[in-house]
Amino acid sequence: MTKNPKISLIGSGNIGGTLAHLISLKKLGDIVLFDVAEGVPQGKALDIMQAATIAGADIKIKGTNNYKDIEGSDAVIITAGLPRKPGMSRDDLISVNTKIMQDVAQNIKKYARNAFVIVITNPLDIMVYVMLKESGLPHNKVIGMAGVLDSSRFNLFLAEEFKVSVRNVNSIVLGGHGDAMVPLVRYSTISGVPIPDLIKMGLSSNKNIEKIIDRTRNGGGEIVALLKTGSAYYAPAASAIAMLESYLKDKRQILTCAAYLQGEYDVHDLYIGVPIIIGKEGVIKVIELQLTEEEKILFDKSVVGVKKLIDAIQ
């Protein structure tokens, strides 16, 4: 019998619990659900494992408060940290979540040095940078969940605008996972037809697309304002699963993620959202798109915003 991959989830809140459920339904591997809150990961693990029996998933799920249980993990997904509340930006979380991420990184360094690490905790681009520097893991094995989620929101709004299936929509959102993200209309298509061409055909307007871009940038904030007591978790979890699956199954999918750049896009020593190929080695390649002058200005503005936050924690 082939041994199941070991997947550790650091943080057992809404995203962590949803991740565990999705992993069990997809039968991607055995799960360790970690949290500092006693009883929470154990209770959720038991509940999800009972649900997994209905799905016919023969996997093990262990809830724990002990980091030693993540030892030998093939992949680790990190959601630990304070979530956003109404009126807060992702950046407002930086101080407390940096300390949490440093602690998580030290334990991954101790117990799971060979793992592929996906960071979800906000502010994303800064937290994944902290993870890399504190853990000492290779940069191709540490990425952040950003563009997959942002693109999924952009895809939904475009599908609604053009009244087509979301399966027909492909989009790319570059930059930091925040208000300065850069949805690339020129690289976004409906069944291969670029959005600017569809606008010329009279199927939409520049004004409507601009509204969609603004809504995409505020996609997380819109959900926070509606929930009032937390932030999005279904779509972030589904986005991380797409990244995890590409790694575990060596799918070599092109996904937009927060990746460590070393000169690509003229960016050095920084995590920023760009298209990458994910396979069994982790990040196989950064896809460097040719940007127009206007797109480059927006992208550079997003980079500057991330740099300022990095400087603030150093």
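Just so you know, glycine gets a Cβ as well, placed from its N, Cα and C.
Straight from Swiss-Prot, the features:
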type	residues	note
ACT_SITE	H177	active site, proton acceptor
BINDING	G11, S12, G13, N14, I15, G16, D35, N97, I120, T121, N122	NAD(+) binding site
BINDING	R84, R90, N122, R153	substrate binding site
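Feature annotations (Swiss-Prot) mapped to structure.
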residue	record	Cβ within 10 Å
G11	NAD(+) binding site	26
G13	NAD(+) binding site	19
I15	NAD(+) binding site	27
D35	NAD(+) binding site	22
I120	NAD(+) binding site	29
N122	NAD(+) binding site	28
R153	substrate binding site	25
H177	active site, proton acceptor	30
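It is 9 Å from the Cα atom of N122 (NAD(+) binding site) to that of H177 (active site, proton acceptor). In this structure the residues listed as binding NAD(+) are G11, S12, G13, N14, I15, G16, D35, N97, I120, T121, N122; their two most distant Cα atoms lie 17 Å apart. Cα-Cα distance from D35 (NAD(+) binding site) to H177 (active site, proton acceptor): 25 Å (rounded to the nearest whole number).
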